[in-house]
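Student: Got these off TrEMBL a minute ago, pasting:
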type	residues	note
BINDING	HIS66, ASP104, HIS312, GLU316	divalent metal cation binding site
Amino acid sequence: MNLRELVSALNDFAPPALAESWDNVGLLVEPSPPHTVNTLFLTNDLTEEVMEEAVQKKADLVLSYHPPIFTPLKRVTWKTWKERLVVRALENRIGIYSPHTAYDAIPHGVNNWLTKGLGACTSVPLHPSTAPSSPAEGTHRVEFCADAEHLDAVLSKIKEIPDISCLTTLPARVEGEEQTRVSLNCSQKALLEVVALLSQNNLLHHKTEILLLQKPLLPHTGIGRLCTLSEPVSLSDIIERIKGHLQLPHVRVAVGAGRTLESPVKKAALCAGSGSSVLKGTEADLYLTGEMSHHDVLDAVANGISVILCEHSNTERGFLSELRDTLAVHLQDKINIVVSEKDRDPLQVA
C-alpha cells in the first residue's frame, strides 16, 4: 500500500481526534514520497533495539503505540537515542506512526482488551469521548432580535470580533413589529464581547438567547473503563485472572482498607498505562492499571478500594497480537503485519 493510503486507513481505524489534547499522534516520521508499505511493524515502545529489529525485518512503517517523538526535537543528531531513532528510520526509509491515546479511546482498543482479563463483564468509558466535528465551530450560540435602526451598526461591530462564525440573519416578528433575528456561533472569549456589545445597544432584553454548544457523546468510546462483573469474584481470583491475561508471573497489589484477598470484586475501574488521573474519584471495588503514584494508591486504599499494578506497558503490550489480527481484516490483508519480539517492559524483578 502507498504510505498515505495506509495512514488514511489507520486514521479511519482510530481517528486521531479521539486522542487526548496533550498527546502526539499520527504520522511522526515520513520518508520522501512515494513510499510503499509492504511490511507494517507493531511495537508498544520504539527503542533502539526494536528499531534494529524493524530494520532486520525490512519494515516500511513502524506503528509504535507510544509516540517516540513527544517533546519537540531541536535537532536530529547521533547524540540522543530518540534522535538516533529518527536518523535510523530515515536512513532505512521507515515511517513511524503512533496512535497512543486514540487506541485507548476506541471501542476495539487497548482498554477494552484489558477488560478481558477480568472475566465476563460489561463496561462503560470512565471519560466518554465527544464527536470531534459536532458542532463544527464555537462553544456558544447567541441569538437576538434587532430592529432596522440598530441592525447594520451591530452587525458591523460583531464582524470585527474574532472567533465569530455561522453568522446568519432571518426576518422575525416580535410583539407585532418587523425585526431581524440574528444567530451566531462564538468562542467563550468572544461571548463576553458579544454580550458587552448587545448591552451597549440595549438589545439584551430583546429575546436574547445564549446556548451552550455541547458535542454529543460517542457510544462505547473514551478513556478508561468502569466494569461490572457478571458475578462477584474474590480479589485473589481476579489477581490470577489478570496475571493469566497479561502473561505475568506477578503483579503488585494493595488491598483496600477493610478488605481481604477473599473480598468480592463486583466493580472494577481500569486504565491501561498510567491511570492515576483517570481512575481518581471513581467508586469501585478495584483499580487496575499499570502504574499509580504512591499517594494515589494510599488514597484508594483508604477509601476501601484495592489496587492492582502491572507496570506501565504490561497493560498495553498484549493488545498488539489482537491488533495485528484486527488490522489485517481492516486492511484487507494487503500488507504483511509483524509484531515485535524485542519489545518489552524495561522493569524486571531482580
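Cβ coordinates are placed from backbone N, Cα and C, and glycine is handled just like the others.
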Student: Residues near the divalent metal cation site, HIS66, ASP104, HIS312, GLU316 excluded, by Cβ within 8 Å of the Cβ center?
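Tutor: Everything else in range on the chain: ASN44, TYR65, HIS100, VAL110, ALA272, GLY273, SER274, GLY290, SER313, THR315.
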Student: Taking the Cβ of ASP104 (divalent metal cation binding site) as reference, which residues of that chain separated by at least 6 in sequence fall under 8 Å from it?
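Tutor: ASP104 (divalent metal cation binding site) has long-range Cβ partners VAL110, ASN111, ILE223, GLY224, CYS271, ALA272, GLY273.
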Student: For a quick check of understanding: among the binding-site residues HIS66, HIS312, which residue's Cβ has the most other Cβ atoms within 10 Å?
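Tutor: Its Cβ has the most other Cβ atoms within 10 Å: HIS312.
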Student: Measuring CB to CB from GLU316 (divalent metal cation binding site), give everything in the same chain under 8 Å that is also at least six residues away in sequence.
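Tutor: Correct list: ASN44, TYR65, VAL110, ALA272, GLY273, GLY290.
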